[in-house]
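S.K.: Before I ask anything, let me first share the structure, which is written out below as structure tokens.
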């Protein structure tokens, strides 16, 4: 019987999905649960993805907004800080409450914290390029005293900002920003403040840059570009913007296959597909399956680089072994209930 489904090319971007920092953060919660038992408390979403959060909840993690929400009878259980980083006041509060905590801050976010503190130590007022209210921005600003950091969100902000000492300024950036948009803000700041000091190393992380490069490469000629990610995921929203600017006719952010607006899509022959750094691979598979149910799909890999970065987990939990099923869950390849769909792609101790 002839296949009557229309043909569709899916350009599957690589790299996509979980980065080393997200892998590490999820591992920390899983390892803590295995070593200390449930419940393990997590301050804020460990990463911006409900699928991951719900999977960890099913294993015994309890998510809270602030430390005072942890019941007195559970104060001997560990609490994990999210991958986005926290202000200095949070670990200080944990110590005051005699809580045992594990910091899952991405090492690349911690690097930005150190860059900001170095600027201040050298007598510079710190300019932070980022999005107001994002947990990473709150964490970075919370490394320094009130008034020591000015947040710049747009080129317009860069044009209108003023400082008491324009010769002693240094900037850092949120790690998940659009590379192109950030370049425009930095260019404007450098034009206005020629003595502006840059960080010793790039603030935007390798995973953000790599995912944007892959989307930029795949987008021209796409009728539709889907980005798997949460609405509160900064790096995922930037990928939607990159796809549109790079030539995709339409770009959408979806959390699950059920979010795809089939009626809005219309006639399509080429679809781009990528995932933000906190989106699990199993949802990418789910979306491909949804297209296969409607189209005769041909998948083309649009890979621009291969990532090999690995980050160690906290010393306190390195003695715990993960099973194959644990590792598949950490990699986003494992449904909350059931057996692993794919073999793991990480090494324990990463």
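Backbone N, Cα and C atoms are what each Cβ position is placed from, and that goes for glycine too.
These came from Swiss-Prot, pasted as-is:
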- 136: active site, proton donor (ACT_SITE)
- 19, 106, 205: [4Fe-4S] cluster binding site (BINDING)
- 48, 84, 134, 233, 234, 235, 278: dimethylallyl diphosphate binding site (BINDING)
- 48, 84, 134, 233, 234, 235, 278: isopentenyl diphosphate binding site (BINDING)
- 48, 84, 134, 175, 233, 234, 235, 278: (2E)-4-hydroxy-3-methylbut-2-enyl diphosphate binding site (BINDING)
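Provide an account of the burial state, proximal residues and distances for the features listed.
M.R.: According to its DSSP assignment, residue 136 (active site, proton donor) is helical.
For residue 106 ([4Fe-4S] cluster binding site), the number of other Cβ atoms no farther than 10 Å from its own Cβ, over all displayed protein chains, is 26.
In sequence order, 18, 22, 47, 48, 49, 52, 229, 230, 233, 235, 236 are the residues of the chain that are 6 or more apart from residue 278 (dimethylallyl diphosphate binding site) and have a CB within less than 8 Å of its CB.
For the recorded site, residue 48 (dimethylallyl diphosphate binding site), the DSSP three-state label reads coil. Cβ neighbour count for residue 48 (dimethylallyl diphosphate binding site) (all protein chains, 10 Å cutoff from its Cβ): 27.
For the recorded site, residue 234 (dimethylallyl diphosphate binding site), the DSSP three-state label reads helix.
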S.K.: Express the distance between the Cα positions of residue 19 ([4Fe-4S] cluster binding site) and residue 234 (dimethylallyl diphosphate binding site) as a whole number of Å.
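M.R.: Counting only the Cα atoms, the answer is 14 Å.
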S.K.: Consider each pair of residues in 48, 84, 134, 233, 234, 235, 278, all listed by the record as binding dimethylallyl diphosphate, and report the largest Cα separation in Å as a whole number.
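M.R.: Across 48, 84, 134, 233, 234, 235, 278, the widest Cα separation comes out at 15 Å.
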S.K.: Give the three-state DSSP assignment (helix, strand or coil) for residue 106 ([4Fe-4S] cluster binding site).
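M.R.: Going by the DSSP assignment, residue 106 ([4Fe-4S] cluster binding site) belongs to neither helix nor strand, so it counts as coil.
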S.K.: Among 84, 134, 136, 175, 234, these being the recorded positions, pick the one whose CA is nearest to that of residue 205 ([4Fe-4S] cluster binding site).
M.R.: 175
S.K.: Note down the number of other Cβ atoms within 10 Å of the Cβ of residue 84 (dimethylallyl diphosphate binding site), including every protein chain shown.
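M.R.: Total other Cβ atoms inside 10 Å, all chains included: 28.
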